[in-house]
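Some notes on the structure that comes next.
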Amino acid sequence: MALPSAAMQSNPEKLNLFHRLSSLPTTSLEYGNNRFPFFSSSAKSHFKKPTQACLSSTTHQEVRPLAYFPPTVWGNRFASLTFNPSEFESYDERVIVLKKKVKDILISSTSDSVETVILIDLLCRLGVSYHFENDIEELLSKIFNSQPDLVDEKECDLYTAAIVFRVFRQHGFKMSSDVFSKFKDSDGKFKESLRGDAKGMLSLFEASHLSVHGEDILEEAFAFTKDYLQSSAVELFPNLKRHITNALEQPFHSGVPRLEARKFIDLYEADIECRNETLLEFAKLDYNRVQLLHQQELCQFSKWWKDLNLASDIPYARDRMAEIFFWAVAMYFEPDYAHTRMIIAKVVLLISLIDDTIDAYATMEETHILAEAVARWDMSCLEKLPDYMKVIYKLLLNTFSEFEKELTAEGKSYSVKYGREAFQELVRGYYLEAVWRDEGKIPSFDDYLYNGSMTTGLPLVSTASFMGVQEITGLNEFQWLETNPKLSYASGAFIRLVNDLTSHVTEQQRGHVASCIDCYMNQHGVSKDEAVKILQKMATDCWKEINEECMRQSQVSVGHLMRIVNLARLTDVSYKYGDGYTDSQQLKQFVKGLFVDPISI
C-alpha cells in the first residue's frame, strides 16, 4: 500500500514537497565543467516520487543499522537547576535603568548618520539591539533612503565604510558593493597601502561575508583580507589579535548571535580606551539576566523529558537535552520568546528521536510502518507499531495535542496543522533515504540534495518556531514556508552539505545512506577530493543565496527571515569540526557559555 501524503489528503490541489522545486526561479551555477541546477526546476524532472512498489517494499532480512552514540556530557545536571527570583529581579531593575540611558545615547547619535550606524553595530555585537529593534529599523530606513551615498558623502575610511555596508545589509538593505571601489588602485586591485590598516582590513573581511552572486569585488575583498589577516595576526596588539582570530575562526555574519555576543562582550571590556562603560554594563547585566531565564527554561525542558521516563524504552537514541535547547536559543534568544523556545526544543527532540530510530535502529519494515503511521496521524495506528515505536509515536501525537491546546488559548490553533504537515513531510524524506540505503542505491546528486535539504529538519523547525511567535497572527508566514522558498531551500542545502562534509565517514561506517559526496562523485565521475572542493564551494554559494533572499522584498519580515538564517548559522558553528550534535564534547564550551557560566560583573 502506498504511503499517502497528508498534505495531498487535506488539499488535493496542493503541491507535494517533492514537486515544489518547480515553483522556484531558475538560477544555475557553474562549477568547472559541471552545471549544477542549484535552484532550478530541472531537479524536479529527475526526482521520482517513491512508487507504490517502493513504498510497500520491505527487507527480507531483519537488519538493524545499529549505532553507538556517546552519552551526554551533562547527565541530569540541568533538570535540577534552581531559579532565584530575587537574583533575576536585581538584574532586571538595573537593566531597566540602563536601557533608558542607552536609548538616550542612541537618540543623541542621530545628528551624525555614520555615528548612528556604528552605534547600531555595537548594540548588535553586544547582543542588546533587540531592546531597540523598532528604533533601529526606523533609523536605518531613514538613513538608507535619505543618504544613499552616505559612504562617499562622509568620505569614510575603509574601517567605517565596511561597517556601514555590513550593518545595512545585515538589516535587509541592499547597499551597493561599489562603495569599496574607491579603495582600489588604477589596476583594479585593492590598494597595497590598506595593509597598514589592520582594523580596516578586519572590517572589510567581515563585510565580505554579506556578498551575493556576481559581486566580484567582495570575492576579491575576501581573498585580499583573509590572506593579510592570516599572515599578520601574530604581529598585532593582543586585543586586536583576538578580534582577528575570532573572525577567522567564526565570521560574525555566520555565527550564532547569542554566542557572538558572549565573545564580543569580553573583547569590548578589554578595549579600555574605547569602551563605553554604560554600554558595557548594560550588555553584561542583560546577558546574565537573560541567561537566568534560559536556565529556568532548560530546567523545565529537561524535567519534562525526565518525568516522561521514556529513555529506557529507546536506549539507542541520543540524549542531548542541552544541545537541543541550544538550538532553540540559537534561533530565538530574546526573553519574549520563551514559549517559542519550548516548542522548538520539543519538536527538535521529536526529530532527533525519529531520526535515530530510522537511521540507527529500525528495520526497513518497521520504518515503513512508522512512516505510514505518521502520515495517518491517528492513535489507532499504535497497534501496528512495535513496542519501542509506540512510545515515540504516542509522544509525537500527544506533544502536538499539547501545542494545540496552548495555541488555542492564544488564538493560533490553525498553525498546528502546518507543523503537523511539515513533520509528515520530514518523515517521508527519512523514509526515502531509508529506501535508498536499503537498496544500496546512490541517487543523483540533485535528487539527494533536494530531499536532503528537507531532512535536515529546517522546514519543520522553521514552521514550528513560527507557531510560537505571537506577532505572527495569520496564515501569511506559514503559506510562504509551504512554497519551499529559496531562503529555506538554500539554508537547508547549506546544512545538508556541511553536515555531510563533516560526518559522512562515521555515518557510512554504520550503513548510512550515500552522502552528497558519494552522489556527486557517482554522477559526475570525479575524485573524492574534487567532489569535496566543489561541494565546499556550493556551501559558500548557499550563503550568497541566503544573503540575496534577505535583501529582497518579501511577504515575510527580515526579522522572521533571520530566524531561518540562524539555523544555517547554528550548523556552521556546530559542524565546523565534526558532528557537534552527536559528539556533545564539541559543543560543551558553547553550552557552558550559554547556560552555566555568567559573565563576571
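Quick reminder: no glycine exception, Cβ is built from N, Cα and C everywhere.
Of all ranges given (45-49, 90-94, 355-359), Swiss-Prot attaches the label motif 'DDXXD motif' to 355-359. Listed binding-site residues: Asp355, Asp359; maximum Cβ neighbour count within 10 Å falls on Asp359. For Ser503 (Mg(2+) 3 binding site), applying a Cβ distance below 8 Å and a minimum sequence separation of six or more within one chain yields Tyr575, Gly578, Asp579, Thr582. Long-range contacts of the motif 'DDXXD motif' (355-359) within the same chain: residues 65, 67, 69, 314, 316-318, 367, 370, 388-389, 392, 430-431, 433-434, 457, 512, each at least 6 residues beyond the stretch ends and with a Cβ under 8 Å from a Cβ of the stretch. The Cβ of Asn499 (Mg(2+) 3 binding site) lies under 8 Å from the Cβ of Thr456, Thr571, Tyr575, Asp579, each of these being in the same chain and 6 or more residues away along the sequence. Model confidence over the motif 'DDXXD motif' (355-359) is summarised by a mean pLDDT of 94.
Residue counts for the motif 'DDXXD motif' (355-359) under DSSP, helix first, then strand, then coil, are 5 helix, 0 strand, 0 coil.
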